[in-house]
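Per TrEMBL, the feature region 'Disordered' maps to A:1-47. The compositional bias 'Polar residues' annotation in TrEMBL covers A:1-12. According to TrEMBL, the feature compositional bias 'Basic and acidic residues' maps to A:34-47. The transmembrane segment annotation in TrEMBL covers A:92-113, A:141-162, A:192-210, A:253-276, A:288-310, A:340-364, A:376-399, A:454-474, A:480-502, A:514-538, A:544-564. The domain 'CBS' annotation in TrEMBL covers A:709-767.
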Number of protein chains: 2
Amino acid sequence: MANITKKVSWSSRGDDSGLTGEGTPLLNGSEIPKPSRQDPIRGRPKEIPHNEKLLSLKYESLDYDNIENQLFLEEERRMSPMGFRCLEISRWVICGLIGILTGLIACFIDIMVEKLAGYKYQVIKENIEKFTEVGGLSISLILWAVLNCAFVLVGGIMVAFFEPIAAGSGIPQIKCYLNGVKIPRVVRLKTLVVKVIGVICSVAGGLAVGKEGPMIHSGGVVAAGVSQGRSTSLKRDFKMFEYFRRDTEKRDFVSAGAAAGVSAAFGAPVGGVLFSLEEGASFWNQMLTWRIFFASMISTFTLNFFLSIYHGKPGDLSNPGLINFGRFESDSVAYYYYEIPLFMCMGALGGLLGALFNSLNYWLTIFRIRYVHRPCLQVMEALLVAAVTAAVSFTMIYFSNDCQPLGPERNEEYSLQLFCADGEYNSMATAFFNTPERSVRSLFHYQPGSYNPMTLGLFTLTYFFLACWTYGLAVSAGVFIPSLLIGAAWGRLCGILLASFTPTSPIWADPGKYALIGAAAQLGGIVRMTLSLTVIMVEATGNVTYGLPIMLVLMIAKIVGDYFQEGLYDIHIKLQSVPFLHWEAPATSHWLTAREVMSSPVTCFNRIEKVGTIVDVLSNTSTNHNGFPVVVQVLDSDEPAKLCGLILRSQLIVLLKHKVFVELARSRLSQRKLQLKDFRDAYPRFPPIQSIHVSQDERECMMDLTEFMNPTPYTVPQDTSLPRVFKLFRALGLRHLVVADDVNRVIGLVTRKDLARYHLGKHGLEELQLAQT
Amino acid sequence: MANITKKVSWSSRGDDSGLTGEGTPLLNGSEIPKPSRQDPIRGRPKEIPHNEKLLSLKYESLDYDNIENQLFLEEERRMSPMGFRCLEISRWVICGLIGILTGLIACFIDIMVEKLAGYKYQVIKENIEKFTEVGGLSISLILWAVLNCAFVLVGGIMVAFFEPIAAGSGIPQIKCYLNGVKIPRVVRLKTLVVKVIGVICSVAGGLAVGKEGPMIHSGGVVAAGVSQGRSTSLKRDFKMFEYFRRDTEKRDFVSAGAAAGVSAAFGAPVGGVLFSLEEGASFWNQMLTWRIFFASMISTFTLNFFLSIYHGKPGDLSNPGLINFGRFESDSVAYYYYEIPLFMCMGALGGLLGALFNSLNYWLTIFRIRYVHRPCLQVMEALLVAAVTAAVSFTMIYFSNDCQPLGPERNEEYSLQLFCADGEYNSMATAFFNTPERSVRSLFHYQPGSYNPMTLGLFTLTYFFLACWTYGLAVSAGVFIPSLLIGAAWGRLCGILLASFTPTSPIWADPGKYALIGAAAQLGGIVRMTLSLTVIMVEATGNVTYGLPIMLVLMIAKIVGDYFQEGLYDIHIKLQSVPFLHWEAPATSHWLTAREVMSSPVTCFNRIEKVGTIVDVLSNTSTNHNGFPVVVQVLDSDEPAKLCGLILRSQLIVLLKHKVFVELARSRLSQRKLQLKDFRDAYPRFPPIQSIHVSQDERECMMDLTEFMNPTPYTVPQDTSLPRVFKLFRALGLRHLVVADDVNRVIGLVTRKDLARYHLGKHGLEELQLAQT
């Protein structure tokens, strides 16, 4: 019934697992992945796998399960109730700081973009106006292209050469981080700096991008930095918040940072909280959520406060986000219930267009992975896109003859008259010759008749391809605003067409409303977020009444889109071969049990283990394990060794570094006892084993792991079904799960990668390859 | 450092645990609880304990952990991917139905209350107007009191005699249910009917109550009914949704129902989702949340749709909830940032007043538990409150001389002229002579000067005590609206006073705004909800701008209030001695390990067990256990018996009922194999063991539990710290957790009650008594 691929005994090894490395390392160094062994029964031709058929072993996992070893318990027991209260207060202080800093960054980006883009458009506008009369507009085009390229060049070089992880919106990376995957360098200060400068350059450079997505990443970086009370990049340790120097706490703060980012970007504090929860916190905790909400609120308040001062209206707290959809004033009736089927059709269209967008971007990304991986090539591609964007925009404006009267209520900052009569402006130019945020707002709110259908159609078409080409470039940029813009354009088009069919009652097909629905549909079709996106849209709209249609539209867009292609972020996560755990185990995975899923045999350590053995195991590059069950052998008995704990590579490294050997402890009685502080100081960049020198004499020493290992690791019997194991993993944020038999012997180890390997494909349960890439 | 009460070996037994009942049943039948043994070191006088120092054993827990036995796994494995998709679709359909029905119920309540209250106020108004001129207003008073009492009598009798669980708002009960405690009869159809009629009667009866809180309970009942596809009260089985007949699935739907209830009550779909998540779903699941949101949206839409038809404005979807705070139109500046400290002071005041309210209500509830427990007494108290409410209201209106001009924009439906001049109305009457919802709106939105400070002060004072007296009566009623009303009154008073200090710039102290902040502060001080309440308030206000002050105010109110007294719902949960699990283990509980927490020794069954033994254990009323570890003894060996599974009382009952004995299976080969359907049909009202007849011959038979037990129960070693055990419980929704030693022998069992027993008191960790009451 359930068509599952036959389970083959598995000999590759994840970096998280503790397999014994016997025989030659099968996959070590083999860059080329083996063809996937899916569905051998059907005998379909084995196609050359793309990257998404692989799971990379290079990504380590985060330890979200507290290591409750003796040191930790002693510390907790020493702490008074007042101590716990102080900790709680510092958590709140940190969240407040995260909110303030994220808001300030958003403020900085906004002001810089406005300044630079304003300057650019002013120069070009003057130039165009000059040449419209005298002819020779091609000079204007060149000027436009050169200015765009200049900005993009700066941004592209920053990203491609200094910090490639800062490319894109950063949302997939933050998703992975919150999911429990350690993406290298994702929460570093350098990444933040490159990201901020990069996003300013790419928006000012006129690319089809938004500045909102990167805020989420920026918030995450701020949170990771503030909560640790030190910066490894700046080599400053403020000796604060040392308690929070572990993955569990840091993750909580990064959730708060991401939420603060969303909140600043869209003025949507609740949407931010829901985003963080949707993506991250599998274990919902009331206090944590409340803190996340606090950070979000502070962030949007800070942004609003400083922007209101900047705009000369201090105290006006009505612009809570970077993007603001403006007020949809529903004087009487927001929408009629018979419009709902129309909205749902638009949702389906959004899903289709979103799937098309994602598919195109998918192929483009594969192409980029194969051929455009050198930094200079990446910068050149970015420059090409910038020039093409300018050229296309210019051409569209040039050949457009959609002239609209320049009404008194329009305060167009960069309205182009071009070939229009005096007192009129070029309508195509409001869409192209503008920052995307302003274009979205104009599509939502301009009166019926401000755009003609031809303009909107052409704009949708060109912007669709431009945005699709742009996403994935080596520039910092978000896809939210371009998606909204495409959707708003065709949504408004729908509204105009509908109104033209029923000219007698034109009120009900208000094009602005349809633009909003179209924007939601397109964005939902591309990113496939659900609850949080609904709330973000509603908060950005500032009108709860549109909640139901937006929700329905997003739902339909997701269902239709998912039929063809995954969401854009998921595609990029998959193409990176990240071992990402979804919310639930695949539905048809009850066939599998821990026995089949686990890696086995497992490298275990004895409770008192020889230093040489530990060093050898840790140095074995072919296995590169991270978690090791600790076993105890009853002396003078042939009973099997029993599980008594679990120890991590990072802990062993610290122990080796501090030479916590039994013999030394005996000889030097006064030796300082290793404390939790030593582990915290080393966190998160534990040195590699190669950097730790262990002499031949020391190799013969013994190490007592009792105090440092986690004495109560979670275990499951080998008959536990995959969904049950999965639930345990997700609910507790595990990294390693020991599989034990009925006398408590270790028989296997389940890691994140063992679970992420299974997914529901078109032909039932499929299994991904593990690869060292 | 951490002052923890000394752990005494514990011999009472929870109904969830599998203790062997050796010796005399210590607490069985002993109604009077032993004095609590807290803090013997300090030698404080042992005061007579109140109920909240006890944990009742009468509440069973829900099984939120899937019983993944062979039957279940076989069924799952038989199911095709299409089958899973159908299940998913039915889940959506059910959530849609829940939304529609909840919306309809809200609609019904709203229309009925409006009709009845309208009729009542009309009659009284005419009467008062008649007697104002001629004198003899005491007849009006009597008429008012009699009408109130008549309504309350009906509601009180329904609740006190037919379904006492329908009393109050039902929010504590739903909180407990979502937390995993089985409150008897809480989700039955009869409860719903009594609740709906009761709430109509108590609001129409003029009590200081709201109709919003009970919607949450109603939504939960609807969800529990619809999702099971049958009604045991009506004895109808629609043979639908049989897959969902287990606690896990039912709980998910009840979350959706509660959210739909919040959504219908306050027009706050997002707030509803957050309420459900805050209270219930410890394991956050994206699809579930999305479904909950769907139910919420549908519910508010249904309510809005039908109300718009009822009000003759079909298609006007701008009144999404039962209560609507009205639009706070912030033309320019919603609030100035220097007002924030003022708001925070108001938050602190709200916390203080809330704590006072809760303390008074706490003593009142203790009094009621002791002396007012007979139904007729309860009805009489309700009548007394109804009469006093009428009398107080009348007196206040009578002696008030706050006359306000009847402006053209005021469409007072029940404005009383009384002794005011023509064209004026009595301002106190708008507050008292009105449904509370309307009073709240008038306090929020009437122009400055509509109320004088004296009126507001008196109103606050009287309504405070009335509301406090009313909550806990044997009527269905919510505390949300009275709290909002009290807060709005003193908030508006604050606004007026502030404005009078700064007469030059009266704009910034808009009394309506301060009324809103006061309402939030008072409500937060009483119920102490955090995130969800913020979102509910923001959604009901329809203005995101007030998000930050509302959040700050709620936070301060909670902090200040928590210093003195718990939240109202928590008090009532505690007074019921419900074993409620909070979000986290007490901070200073790292001292405790599973060894100290667990119940031991444990009644275990063998995998193939004699029927007589099972019947005897199940019949033992002194233990009344619900979960039994299943062990296997290796034949011909003196090795200890090893854990191999876990079986529940309910399963054993079904097995006994169907006589699934090894011997019978052999003799009657054609016997139908027991299926999951048999368990589902018996769910949730499994017959008591006494109703199952087992003959003497059958007692000698054997039962094979292999197929039915959960073969992979979660286990922990005995050294696991309490926080770790707690986290496992919360994250996975466990009911039983087996404590095993290093060779997998059962040495103890941890149940919800063992964990709920510990809480952080004023003097460190305290331990509650277990009692059979």
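Keep in mind that glycine also has a Cβ here, set from the backbone N, Cα and C atoms.
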Request  = Quickly jot the same-chain residues contacting the transmembrane segment (A:340-364) by Cβ under 8 Å, restricted to those at least six beyond its ends, or write none.
outcome  = 464-465, 467-469, 471-472, 483, 486-487, 490-491, 494, 498, 514, 517-518, 520-526, 528, 548-549, 552-568, 571, 575
Query = Sequence gap of 6 or more, Cβ distance under 8 Å, 3 or more pairs: do the transmembrane segment (A:376-399) and the transmembrane segment (A:253-276) meet that?
reply = no
Remark   = Tertiary contacts of the transmembrane segment (A:288-310), defined by C-beta under 8 angstroms and 6+ residue spacing from its ends, are 91-92, 95-96, 98-100, 102-104, 106-107, 110-111, 219, 223, 252, 255-257, 259-264, 267-270, 272-273, 276-277, 281, 316-322
Query = Which residues, given as numbers and ranges, are at least 6 beyond the ends of the transmembrane segment (A:253-276) yet have a Cβ under 8 Å from it?
reply = 94-95, 98-99, 102-103, 105-106, 174, 177-178, 187, 211-213, 215-224, 226-227, 244, 288-289, 291-293, 295-300, 302-304, 319-324, 480, 529, 531-533, 535-536, 538-540
Ask   = Taking the transmembrane segment (A:141-162) as reference, which of A:92-113, A:192-210, A:480-502, A:514-538 has the most Cβ pairs under 8 angstroms?
value = A:192-210
Query = Hey, which bits of the same chain come close to the transmembrane segment (A:514-538), Cβ under 8 Å, at least six residues off its ends?
reply = 262, 266, 268, 270-272, 274-275, 277-278, 325, 328, 343, 346-347, 349-355, 357-358, 440, 443-444, 479-480, 483-495, 498, 544, 546-547, 549-551, 553-558, 560-562, 566-570
Key: Chain residues in Cβ proximity to the transmembrane segment (A:192-210) (below 8 Å; excluding those fewer than six residues from its ends, i.e. six or more beyond)   = 105, 108-109, 112-113, 116-117, 120, 144, 147-152, 154-156, 158-159, 162-163, 166-167, 170, 217-218, 221-222, 225, 323, 385-386, 389-390, 393, 435-437, 463, 466-467, 470-471, 473, 475-482, 484-485
Ask   = By a Cβ-Cβ criterion of under 8 Å, what residues six or more beyond either terminus of the transmembrane segment (A:454-474) are in contact with it?
value = 156, 159-160, 164, 167-168, 207-209, 353, 357, 360-361, 364-365, 368, 375, 378-379, 381-382, 385, 388-389, 392, 396, 400, 402, 427-428, 431-432, 482-483, 485-486, 489-490, 492-493, 496, 568, 572
Task = Would you mind listing the long-range same-chain contacts of the transmembrane segment (A:92-113), meaning Cβ under 8 Å and 6+ residues beyond its ends?
result = 192, 196, 199-200, 203-204, 211, 215, 218-219, 222-223, 226-227, 241, 244, 253, 256-257, 260-261, 263-265, 291-292, 294-307, 310, 322, 435
Task = Mind tallying the domain 'CBS' (A:709-767) by DSSP state, helix then strand then coil?
result = 16 helix, 24 strand, 19 coil
